[in-house]
Amino acid sequence: MLGERASSQALLTLRHQLGLDHPMNVRYLEWLTALLRGDVGTSLMSKQSVAELIAPAVARSALLALLAALGMLLLGGIGGIVAAIYHARWPDRLLSSFALSGLSTPEFIVATLLILVFAVGLRWLPAVSLPPPSGHISEQWSILVLPAITLSLISGCYLLRMVRASLLRLITAPNIVSARMNGVGVAALVGRHLLPQASGSLAQMVAATVPYLFGGTVIVERVYGYPGLGELLLTAFSMRDAILLQGVVMLLAAITAMCWLIADIFVAWVDPRRMRP
């Protein structure tokens, strides 16, 4: 922060300002007390409150994550069901190949290809996802489309394979085989038998994916220039802003824990037997 040629007095002053001259246990108690009050600290570079820096980034990432989650559920959920129902036939092979290709392609390549097609070639959507000067994304929804599609494709391919694998394990169960032999239609088979039995596993899969939509978007947000949590995380790392980096990581950890908690509560609600010792 002060450079390599900083004087000893300047270093002592900085250590005092940051509280580094206090014992470790005192510093930890001060940090924990401030955290319980909602005070995550002050950015070392911008001198702004970390909470003030994180709040707008969280709002933007939440909006993007919501749109991406909808696309992920449509692609992964419906695609996984179709692939499982038509196992070993051409729909299954086509969807499985698509999912494998999507998982094997790096995020920045997917984002670049979408920009080349829809922004440069067709000119339907903006290549850069910077919010308007007013800061209200609702005035320019088009900036969210390409980042949301990119995240939906990547996470949807993962969910598709997981849904397919989960349903394939159930399709061979005696009650499902009996229902199919009795002439139960595909819609009834999926809605009444497969999805209720697989709902717990599917909830855990979604819980594992949602945190990625918030914080695992560093590359996607950097390619599109979208100022969300991923971009803020990368900025804090590149600027060596430990306080800001700590705040972002703690928030992402809290989001991850909350997603898993909600998933566990949902599993206990739909299938209490799974929670018994």
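Glycine too: its Cβ is placed from the backbone N, Cα and C atoms.
Among the features that TrEMBL reports, domain 'ABC transmembrane type-1' is placed at 58-267. According to TrEMBL, the transmembrane segment annotation covers 62-86, 98-121, 141-160, 202-224, 244-270.
Proximity of distant same-chain residues to the transmembrane segment (98-121), defined by a Cβ-Cβ separation under 8 Å and at least 6 residues beyond the stretch ends, is recorded for 79, 127, 145-147, 149-150, 153-154, 156-158, 160-161, 219-220, 223-224. Residues 92, 95-96, 98-99, 137, 144, 147-149, 151-153, 155-164, 166-168, 171, 186, 189-190, 194-195, 202, 206, 209-210, 213-214, 217, 226, 228 of the same chain lie 6+ residues outside the transmembrane segment (62-86) yet bring a C-beta within less than 8 angstroms of a C-beta in it. Here the transmembrane segment (202-224) has long-range neighbours at 61-62, 64-65, 68-69, 72-73, 77, 106-108, 111-112, 115, 127-129, 146-147, 150-151, 155, 158-159, 162-163, 166, 195, 230-231, 233-234, 248, 252, 255-256, 259-260, 262-263, 266-267, 270, meaning same-chain residues at least 6 beyond its ends whose C-beta is under 8 angstroms from one of its own. Using a Cβ-Cβ cut-off under 8 Å and counting only residues 6 or more beyond its ends in the same chain, the transmembrane segment (244-270) has close neighbours at 40-41, 43-45, 50-51, 53-54, 58, 196, 199-200, 203-204, 206-208, 210-211, 214-215, 229, 232-233, 235-237.
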